[in-house]
Each structure stands twice: as structure tokens, then as C-alpha cells.
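Let me begin by presenting the structure, written as C-alpha cells, before commenting on it.
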Amino acid sequence: MTNALQATPKIGFVSLGCPKALVDSEQILTQLRAEGYDTAKSYDGADLVIVNTCGFIDAAVQESLDAIGEALHENGKVIVTGCLGAKKDADGDDIIQKVHPKVLAVTGPHALGEVMDAVHKHMPKPHAPFIDLVPAQGIKLTPKHFAYLKISEGCNHRCSFCIIPSMRGDLVSRPIADVMMEAENLFKAGVKELLVISQDTSAYGVDVKFRMGFWNGKPVKTHMTQLVEALGELAKQYGAWVRLHYVYPYPHVDAIIPMMAEGKILPYLDVPLQHAHPDVLKRMKRPASGEKNIERIQAWRAMCPDLTIRSTFIAGFPGETDAEFEYLLDFLKEAEIDRLGCFAYSPVEGATANDLPNAVPEEVREERRGRVMLLQEEISKKRLQAKVGKTMRVLLDEVNRNGGVARSGADAPEIDGVVYVKPPYEPHLKLKVGEFIDVKITGADAHDLWAEA
């Protein structure tokens, strides 16, 4: 047999975008491995390159187009998938094919079958699949000690600034048994922190009318509260964390807070509020826009004093008046959100918000974003300073000669702050990546904490 026949096809991979896109990439890589393909770490070593794109805002579109262009220049054989693959320009033409006509194939997001069909067409799979080489938890692109668990795909909402439903479709909830099986496999593989993600975590099960499923021989509804409770019980067996992201403030979220207070899951809630003024929320077509969010936040903190709340906001949305913006600032002063991201409104091609009157000038949008972040810096510093002197459990992400870089239950990877840990005084104590340790907080700034082991 010749070397050419023996060679294992190698696929290069570029993954862009949000954690949900990262999970799509992990699923593709897992299937590639199951079918006997190998992965390449460079363009030169790849027989073909897959680029998983993002297409939400203009900057993400440009980054994706640049990545495709680089892959074409360096390798020449490129398959494109992801959100940008489902996006059309103003004339209704495929953006990617128009800019890069030499790509081999283009698919939308969450399109494992289509991607693999394109791979098979241009790089036939090896004769002998290697399913036994694929770990039960699949191929992961995150460090071994944390992983994302996607519980659904798509979204039923039609927020005026967002085009995600046009790219990822309506809500499709995964069967609860499949979600729990993946979670168990991840914990068995050593994952210490599970980050639950979707476009709308609170809506889990709505599309299947909260159908009854089964896990470990017990009936469990396809519903957010029952899923969270089951994940919490499972995580306890492995001494692991469960963190919730993209939670809309629907009434049933109140039932999750006691679970956090009891330690079943992390007291951390990522709630994308986007604004506070009711008129702006109406223009945004936000779900749950009628909720009295200040009262909800106060009630949550009364039930769970250690609760950390993360949220995102948009400054300078079309029609936002000075009074509406000041209303937002007043809300933030009262709410004292722990972790906050603010974006100056950016028109997204295809979003209905583009047709709203009274667009806010770009310089005003940026100025308002800056004011929000300046206020948040004061709030964050105050809330972090209150933690000095306390002992808390942290998860180590990095270890170096200066000590370690860890995260507390209040810190999600990549988007929140970190805890810098000094080396232990006792020589026999060593910091290890992926392990929990208890530390005493000795200092704080507006973003991070410092601690001693």
C-alpha cells in the first residue's frame, strides 16, 4: 500500500463567535474524529480547512470574511459554516460567495450534516472509522476543567436589533435525557464547571410543551427549573459547578434562586436586560419587557444574598432620548449589577431596528456607552471591595511562578474578572490547574481580586 493511500486526511479548523458557535465547532470536530479524520494545527498541514463564522454585527462579519480570505490564501480548500453562512446582503445574495467565490461550500449554523457532506465530497473519509478513539464527552475546545453545555438551538423572539433567528431559526430544545447524558459524560471526564448556554435558557422546553422525559429511570420535564435541579444534583456527585447563562427574567426564574441559595448551582445569573426604560424596551421588542426588574433583582438578592448578576445593555438605541438614557443610569445606580457589558448600538443588516426613526449619532452612542462603563466601574469596585477579608472557593485556570489565576463563582470564563492567587506559604501545597482551592481575599480593584491560598 502506498503512503498516499495510508495517509490520514487532515482538516484545519478556525472557530469564531460566541460559546454557542464554539459548541457547533466541537460537534463538527467530534464527528470528524469519529470518521477517522485527523486535525491539523496549521494551514500548511491541512488537506482542507473549515471556518466556523459569526455574522451578528458588522465587526464580526468582517472578522469572518478576513478569516476565510486568510484560509483561502494559505490553504486554498475552504468550507464555510456558521451564522455568516446564513446571511444575505441587501440584494439577497450570499455574502460569502460574493466576496470569496472560491470557497468549496457554505452552510448556515448548527449544520453538522451539511458540513460533513461537504467534507466527504472534497476529502473522502478514511475507510475505517475510529469511533473508539472519540471520548464519550466528545472533542472539546475549552480547557479540560470547564465546558459549555448547549441545551437548545435558535430563538422564538424577534428583538428588533437582532438577526439571530434568521440565521439559527426558531427554538429547538434538546431532549432532556440527551442534555443530562452529555453533562454526566463531561463530569466523568473531569469537567469541574459546566456553563449552560442557549439563545434563551429560560425558554427551554417551550417548543415541545415541556414534554416529559426520563433520566436515570425517573420522569423529568423538559423545563428549565427541572433541568437545573437535575444538573445541580448531578454536579454535586462530582463536586462540580453549574453556571447559567442567557437567562431571561421570566417569572419561573424565581424558582431557580432558592437552588442557588442552597448551593445546588452557582449563585450566578447572566440576564441580558439590554435597557431599563419601558419605551426603549418596547422599541427593542424585548421579551419580559414589562417585568419590574429592580423589584425582581431585590427579591432575588433577598433570597440569595451571594447572588452575582451579570447583564448586557445597549446605549444609543434608535430613538433613545436624553431622559431615557438618564433613566438607564438611574436604574444601574439602584440595581448595582455585579458584572456588566455595554455596547454602543450598531446597526445590523437585516435588523428591523434599522427602520426606526431618530437614529442617535455615533459620537453620542459612544459617549453614552462610556458613561455607562464609567458608572459601572464605580459600582463594580464597591462590590468587589466588600469581598476583601472573606474566604471563598476558586477554580484555578492557570498556574505560574507568580502563583495562579483563578475564578470564583462570580466569574465566568473570558467575560468576567479573575482572582490572582499568591503561591502558598507551605512548600507542600501546590497549585494545580483545574482544581478548587479555598483562598482569602486580600485586595480588589474594579475588575479583579487578589488572594492568598
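In case you wondered, yes, glycine gets a Cβ from its N, Cα and C as well.
Database features, via Swiss-Prot:
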{"type": "BINDING", "residues": "C18, C54, C83", "note": "[4Fe-4S] cluster 1 binding site"}
{"type": "BINDING", "residues": "C155, C159, C162", "note": "[4Fe-4S] cluster 2 binding site"}
{"type": "DOMAIN", "residues": "9-124", "note": "domain 'MTTase N-terminal'"}
{"type": "DOMAIN", "residues": "141-382", "note": "domain 'Radical SAM core'"}
{"type": "DOMAIN", "residues": "385-453", "note": "domain 'TRAM'"}
**Message:** I need the most crowded of these binding-site residues: C18, C54, C83, C155, C159. Count other C-beta atoms within 10 angstroms of each C-beta and give me the top one.
**Reply:** C83
**Item:** List of residues, in chain order, with Cβ under 8 A from that of C162 ([4Fe-4S] cluster 2 binding site) and at least 6 apart
**Value:** F56, V348, A351
**Asked** What's the CA-CA gap between C54 ([4Fe-4S] cluster 1 binding site) and C159 ([4Fe-4S] cluster 2 binding site) in angstrom, rounded?
**Response** 18
**Asked** How many of the residues that make up the domain 'TRAM' (385-453) does DSSP mark as helix, as strand and as coil?
**Response** 1 helix, 33 strand, 35 coil
**Complete:** In the domain 'Radical SAM core' (141-382), averaged pLDDT is 93
**Item:** Distance, C18 ([4Fe-4S] cluster 1 binding site) to C155 ([4Fe-4S] cluster 2 binding site) (CA atoms, angstrom)
**Value:** 15
**Message:** In whole Å, how far does the CA atom of C83 ([4Fe-4S] cluster 1 binding site) lie from that of C159 ([4Fe-4S] cluster 2 binding site)?
**Reply:** 17
**Request:** List, in sequence order, the residues of the same chain other than C155, C159, C162 whose Cβ lies within 8 Å of the centroid of the Cβ atoms of the recorded [4Fe-4S] cluster 2 site.
**Result:** H157, R158, F161, I163, I164, P165, Q199
**Message:** With helix taken as DSSP H, G or I, strand as E or B and everything else coil, how many residues of the domain 'MTTase N-terminal' (9-124) land in each class?
**Reply:** 53 helix, 24 strand, 39 coil
**Message:** Quick check: with C18, C54, C83 left out, which same-chain residues have Cβ atoms within 8 Å of the centroid of the [4Fe-4S] cluster 1 site Cβ atoms?
**Reply:** L16, G17, K20, A21, T53, G55, F56, A60, G82, L84, P109
**Asked** From the Cα of C159 ([4Fe-4S] cluster 2 binding site) across to the Cα of C18 ([4Fe-4S] cluster 1 binding site), what is the distance in angstrom?
**Response** 18
